[in-house]
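Please read the structure below before turning to the comments.
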Amino acid sequence: MAQKGQLSDDEKFLFVDKNFMNSPMAQADWVAKKLVWVPSEKQGFEAASIKEEKGDEVVVELVENGKKVTVGKDDIQKMNPPKFSKVEDMAELTCLNEASVLHNLRERYFSGLIYTYSGLFCVVVNPYKYLPIYSEKIVDMYKGKKRHEMPPHIYAIADTAYRSMLQDREDQSILCTGESGAGKTENTQKVIQYLAVVASSHKGKKDSSITGELEKQLLQANPILEAFGNAKTVKNDNSSRFGKFIRINFDVTGYIVGANIETYLLEKSRAIRQARDERTFHIFYYLLAGAKEKMKSDLLLESFNSYTFLSNGFVPIPAAQDDEMFQETLEAMSIMGFNEEEQLAILKVVSSVLQLGNIVFKKERNTDQASMPDNTAAQKVCHLVGINVTDFTRAILTPRIKVGRDVVQKAQTKEQADFAIEALAKATYERLFRWILSRVNKALDKTHRQGASFLGILDIAGFEIFEVNSFEQLCINYTNEKLQQLFNHTMFILEQEEYQREGIEWNFIDFGLDLQPSIELIERPNNPPGVLALLDEECWFPKATDKSFVEKLCSEQGNHPKFQKPKQLKDKTEFSIIHYAGKVDYNASAWLTKNMDPLNDNVTSLLNASSDKFVADLWKDVDRIVGLDQMAKMTESSLPSASKTKKGMFRTVGQLYKEQLGKLMATLRNTTANFVRCIIPNHEKRSGKLDAFLVLEQLRCNGVLEGIRICRQGFPNRIVFQEFRQRYEILAANAIPKGFMDGKQACILMIKALELDPNLYRIGQSKIFFRTGVLAHLEEERDLKITDVIMAFQAMCRGYLARKAFTKRQQQLTAMKVIQRNCAAYLKLRNWQWWRLFTKVKPLLQVTRQEEEMQAKEEEMQKITERQQKAETELKELEQKHTQLAEEKTLLQEQLQAETELYAESEEMRVRLAAKKQELEEILHEMEARLEEEEDRRQQLQAERKKMAQQMLDLEEQLEEEEAARQKLQLEKVTAEAKIKKLEDDILVMDDQNSKLSKERKLLEERVSDLTTNLAEEEEKAKNLTKLKSKHESMISELEVRLKKEEKSRQELEKLKRKLEGDASDFHEQIADLQAQIAELKMQLAKKEEELQAALARLDEEIAQKNNALKKIRELEGHISDLQEDLDSERAARNKAEKQKRDLGEELEALKTELEDTLDSTATQQELRAKREQEVTVLKKALDEETRSHEAQVQEMRQKHTQAVEELTEQLEQFKRAKANLDKSKQTLEKENADLAGELRVLGQAKQEVEHKKKKLEVQLQDLQSKCSDGERARAELSDKVHKLQNEVESVTGMLNEAEGKAIKLAKDVASLGSQLQDTQELLQEETRQKLNVSTKLRQLEDERNSLQDQLDEEMEAKQNLERHVSTLNIQLSDSKKKLQDFASTIEVMEEGKKRLQKEMEGLSQQYEEKAAAYDKLEKTKNRLQQELDDLVVDLDNQRQLVSNLEKKQKKFDQLLAEEKNISSKYADERDRAEAEAREKETKALSLARALEEALEAKEELERTNKMLKAEMEDLVSSKDDVGKNVHELEKSKRALETQMEEMKTQLEESEDDVQATEDAKLRLEVNMQALKGQFERDLQARDEQNEEKRRQLQRQLHEYETELEDERKQRALAAAAKKKLEGDLKDLELQADSAIKGREEAIKQLRKLQAQMKDFQRELDDARASRDEIFATSKENEKKAKSLEADLMQLQEDLAAAERARKQADLEKEELAEELASSLSGRNTLQDEKRRLEARIAQLEEELEEEQGNMEAMSDRVRKATLQAEQLSNELATERSTAQKNESARQQLERQNKELRSKLQEVEGAVKAKLKSTVAALEAKIAQLEEQVEQEAREKQAATKSLKQKDKKLKEVLLQVEDERKMAEQYKEQAEKGNTKVKQLKRQLEEAEEESQCINANRRKLQRELDEATESNEAMGREVNALKSKLRRGNEASFVPSRRAGGRRVIENTDGSEEEMDARDSDFNGTKASE
């Protein structure tokens, strides 16, 4: 892999440098500095280290410049460890926040890594430079790879979608979304490039770069569309000014079979004008820059600056040459199949569009009429498009229009002419673009193969915010809004809905990303209408303008949250919409014309009649022009691709685009979407620059963070149970028992066997869900398992092949030995004289016998040659006959074959007809059953209709009763109105009387308001109390007058109050009665509606049944048509059969004549002829039987067909009768429904009137009650004043009686006291009002604090407060009398108390604000803690995974150890066996050596006897002269000696043979010994290698365990850091809780003081105290929660400490184990050295054995030295035995050491296992405790959310109760409207039923006709069959006559043979004849 070694140039932009990620320095720096992210104005977020924490603020030091900054805790975001730097999938980040995501994207972007996974989708940042990551090498790298195997890339997304399409058989789509200039078009091209390579490389070509024609065209379609549809904008040099959806179709095997491109909303206005620094479409610049001189002259081209439509002249694009691009466009067009004529025609149209802009109109002097002074440009245009100049100018300047029935010429103004030219240019370019698109689609869909599935790629114009945003920008942004909503809905809503559907544990998360309000603002049709609907509506009005459209939009949508009117209006046609990507200001100028898109039909008709075929083809559908001018002329389109609209229908651009977009969204919803989020890094189009705030805004808008969060928290991978079992059962092979098992149960068993963590998966109803990465892990394990299985299979195969080769070699070895033995025997025999004599004599013995045999053979040969000649002549004759017969046979076989084929066809036809007949019969039976069911239902419906009629009568009676009750209510209402009028008159009188009081009260209220608004003025008025004493006397007189008036008014008010209370009680009773009646009416209406709905439901069921019946009738018609076709084919087959029969008859007669001619030749031919005649007769019989059976079948078919036709006609008549009954019942039901609807309307109107009157009465009652309460308040105030004045008067008179001398002084005192009293009264009133205001302010504050809890209580307490207020006022009246006596002394105390109260109130308000702020901070900290808890939960899950992985590895380690033990035991057994075999072979060798020695001794004895005999012979020869006499005796002794010599020789030979055999045996033994030694050495070596491999594996596992322990240590350190942070947060929480407790205690003290001081003044403060108590209770609960959290944290700390201790213990144990393993390894090394020494000794032994073999071979040559060599051998064998014994003792000692080492290893393993198990159990227990604590916290949180939800519910119920009465009338209205709509639906259904009945009648007539035709055809077939039978009979009789003549009796006798054989022969005979 490229990652391991040095990365290549292209791989640097794909792979991350792992050394940088795993840097220990960076890790240590991150841990030591406590690095975090803080907000930055320049970079978005900046790295900093925490230095100090001050409560809610933190002092941090910036990493970049070392500057210290104070930041709020809530503004800090966590930083990920360095190992997560440049991570490929941002879902893997431990700390997920905006800063981390931005940092990751920034780091990857600056490293050239532009692709990054973000959960389930991919994020792409535009690099603004070329990167070498799109080559063929990269394509091959990504081909067929899984997503996690390769770094992020657009190729990976494309490959995933392609593989998912092939595997799941689901359509896929790749959606590239983002702002304009983000790189959507480029990524779309790369997707197409990748698919073109991947989908065409399957076709078996060697060179994968060679793509097919279709793939080339698919790649070249994009450049053509870009040339004509892309342009340079401010943001993007190659901006798509149209949207396109590329649908690539694939067949089942994954080949591309075709493609189709759909486009959306071409920005055609760009063709006539462009903004500053922008270009029009590329093709104009390509043409002007790249055209050659000849083409320029042909197309009348000029320079860039001479064209008006090129607003900015020539605007170059950096790094792009227009002339080169022009050539590339032409090449692409030629590849797509555009010929040169078509290319030239397209360029002519492009040039004509440019020339249209150069036509200049001027205004005439005296009139507004336009004129064309210079028509040069017009001439050029007409030349290019092939029309007449004069006609063109006339059509532009004075077009003909239709006014009524007359056609007149209308002069155009300059503005109208300019507009007409611009509209023509836009329409021409749009039509050219559409033509090119249709031509491209035609080229891409050449194959006409059916695509199994498709992959769609969406490239649509990105979100645009320009300086001037027009109608095109609205449509583009509306499309992007819909796509973003699709993304949000797919990622967040559908995902969570699937979780809930499948029933897995999931809390629904609302991410708040719903864009529906913005979409509805644009597309909503009504209530209120959206932007597009209002635009369409304005287009209908002739006097409508863009300004009126915007005004109407503001009036309709002014209050919409997403609609704004700009603050600084540049133009009255501007408005703003808040999109998901930001606010966009739209300018609606010329929107009406853009939406209508009108055209001058005079010019279009000219273009339609153009002499240029291409232009005429472009304008051939002139009638289908969108616009108001063509409304009356619109007809169905002549284009095949155009949509067919009704005549006279007006379709606007907005409507068409909305429909197109709706279809696109429906297509996308039906596919599996793969999202690619393109991000623009900066607006300067500079590479290497990334604007942090711009990227952050795009990330927020696109929902990237939310997508990552749901990917992490959710279960994005899911798989169906059956597929999971099928795919991963190999991993848990023995988990599922044999037999049937439910898929879910099987998956549960498999999951248990796989030992997956329960947090990593969820089991639903039909699928199993996994977290990210789990399926990839399972796939890797599956691949490993499959590789192991395949390797085992390969090993078995190789073993089998090796054994087979070995057996073959053994066989070859034995064969070689046999050959060697034979050769050795021959070598021994060839020098033996007797053998030579035998070989010479034996041939001579047979010579005499051979001559006799030769003569006999010659005679036989002569006889045989004669016979052969005769046989040859006979054979020739027979061959001639055979050839003739073979020819005849072939002819007959061909005829028979043709007959059999015909018979088979007719049989198939018969079977088919029988099957169809059976199907028809089954359908008929079903129809009869359904008819019976329909009849039963009809009867039920009639019974229900009767019940309905009865119910209707009951309802009518009830309605009459209700009408009577309504009349009574109206009478009561009239009386109530009269009473109300009287009461109103009385109130008017009272108003007149109390007008003066009200004026004074208003003055006092104004003063109170002034006092409340300005406290400083109140203090100044308190200081100036002395100044007001002079006014006291005048005030006393005025108050006395007022007292009298007030007493009178009070009495009158009391009377009126009593009267009003009586009236009010009466009204309440009446209202209660009315409400009861209304409730009864509602119940009755509800019942009626239920009955109506039931009736409608029944009607719907009847209609559905009728539709089903109609469908079945249609199916029967189809069956009947099929039968008719089968009958026609049967007739044709019959005619064919008749013709063939005639031919057969003629051929039979010819054959018979030929047979008669050949019968006389031989007896064999006569027999053949007799057989053939028998076959002919059998054939005739078979034909007769066939015809009879066929006739019977035809008869049966006719009868059944007629029966079926009769049954169908009966069914049709029954259907007619049922339909008539249904129509009647439907009419009656409709009448009843109409009556019911009328009654419902009357009831609704009556109810509305009653409700209206009831509301009026309630309003009047409320007014009266308020007036009464006001009067009572005024009366109480006046009575207070009266009592005060009386007391004052009494005090003054007492003072006058006491001291008459001091009258003046007393008078002054009285005056001062009076003024003081007046002031104190005013102050009292002001204080009471202030108190009320303060209490109301307190309530408001408490209501704001507890708004979710107390709104219901406030409304209930309002009534109680009124009653309490009356009672408190009465109590205050009595108390004020007492308090006035000592008021002078207490007034100063009251002032002080007032000031103190004010101060305390201010302090309380401040405390409340502080508490609110503290509460907000607590909420923030709680949220932060919750996030940290979530991170801890994620860490816990990771820890659990680590523990489970460790357990798995421990188990694997145990298994490996067990396998090692087994293998070592096997090796020990094998070694024992080998040693036993060696011992056996040694004993055999010793026995052989003994035998050898014995043989040698025998040989020596023989030699000795031989020598003795030779000596005797020599003695005898020498003594011959001496003993010559006795010659006879000597001869005898010679003969005896010779015989003895021969015997001795034979014995010697035998002994030599024995010696040879022993030598051979010894050789074999040595060879076997060598082979065994070699095998033993190889086994030992293999075992050593296996042991070494296992040792390496163990070392590897130890290393892995060490790394895992290191990771665990790091994670523990992270957890410790998190714990410290949590402890700090807890300390902060404790401090906040302490401050809250202190504040609470101070508030309690202050409240107690207030209670002591304000017991007599205000009892309403009790409610405030109760609410405060509740706040304190909640604070106590918070304290408890904080304490519990602190306890939990302490527990966590203890657990962490225990875990750390356990980890240290485990580390120690691990080190001990490592030492023991090292010692065992050293022991093992010594054993290996010992083994090597033994091997060296064995090698020496082998060399010695080889030497012994050489010595043994020398023994065979030198027999004399055999004994010496045997002694040497015996000595060496003795030494070998001693060495073997030494080796055996050494081996035993090694075995003992090995056993001791094994026992030690087992003990160590047991200890390690026990310790590991104890630590794992402790960790699991701690994890369980932590989980319980987390669950407890979750339960508390759920309880809090439940209480909040309950309060919300209460609030909603109160609001619903408030609005219920208001909504009732609206509901009744809606019910009435629903009734009307239901009646309309019923009418529509009636009309549809009538149409269906007409269709049924027509179908019935058609069926009748077809049945008649079928019966006629059946009769004709019957006649034809009869004729055929008669013909067959006649033919058989005619052909049978000559056979009788020729055959005689023999033929007749042979006819008694088996009929079956004759039948078969007959069929063969007919077949051959027919074919001939």
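Along the chain as shown, the residues are counted starting at 1.
Placement of Cβ uses the backbone N, Cα and C atoms for every residue, glycine included.
The coiled coil annotation in Swiss-Prot covers 844-1934 and is backed by sequence analysis.
The compositional bias 'Polar residues' feature in Swiss-Prot is assigned to 1771-1788.
With helix defined as DSSP H, G or I and strand as E or B, the domain 'Myosin N-terminal SH3-like' (31-81) counts 6 helix, 30 strand, 15 coil. What Swiss-Prot records for 31-81 is domain 'Myosin N-terminal SH3-like'.
What Swiss-Prot lists as domain 'Myosin motor' is 85-783, and the listing cites sequence analysis.
According to Swiss-Prot, the feature phosphoserine maps to Ser8 (among others), an assignment based on a large-scale study or a structure entry. DSSP gives Ser8 (phosphoserine) a coil state; it is part of no helix or strand.
For Ser23 (among others), the entry in Swiss-Prot reads phosphoserine, with the evidence type similarity to another entry.
For Ser40 (among others), the entry in Swiss-Prot reads phosphoserine, with the evidence type similarity to another entry. Counting only residues at least six positions away in the same chain, the Cβ atoms of Glu46, Ala692 sit under 8 Å from the Cβ of Ser40 (phosphoserine).
Residues or ranges marked as N6,N6,N6-trimethyllysine by Swiss-Prot on the basis of sequence analysis: Lys129. Long-range C-beta contacts of Lys129 (N6,N6,N6-trimethyllysine), restricted to its own chain and to partners at least six residues apart, with a cutoff below 8 Å, comprise Ser687, Gly688.
Positions annotated as phosphothreonine by Swiss-Prot, on the basis of similarity to another entry: Thr1177 (among others). Annotation note: Thr1177 (phosphothreonine) sits in a helical segment as assigned by DSSP.
The phosphoserine feature in Swiss-Prot is assigned to Ser1684 (among others).
Under the heading phosphoserine, Swiss-Prot lists Ser1722 (among others).
Per Swiss-Prot, the feature phosphothreonine maps to Thr1951 (among others); the stated evidence is a large-scale study or a structure entry.
Among the features that Swiss-Prot reports, phosphoserine is placed at Ser1954 (among others).
As annotated by Swiss-Prot, phosphoserine applies to Ser1971 (among others).
Per Swiss-Prot, region 'Disordered' is recorded for 1771-1797 (among others).
The feature region 'Disordered' is assigned by Swiss-Prot to 1867-1972 (among others).
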Can you check which residue among the modified residues Ser8, Thr1177 has the largest number of Cβ atoms within 10 Å of its own?
Thr1177
Rounded inter-Cα distance in Å - Thr1177 (phosphothreonine), Ser8 (phosphoserine):
90
Based on DSSP, name the secondary structure state of Lys129 (N6,N6,N6-trimethyllysine): helix, strand or coil.
coil
State the mean pLDDT for the coiled coil (844-1934).
70
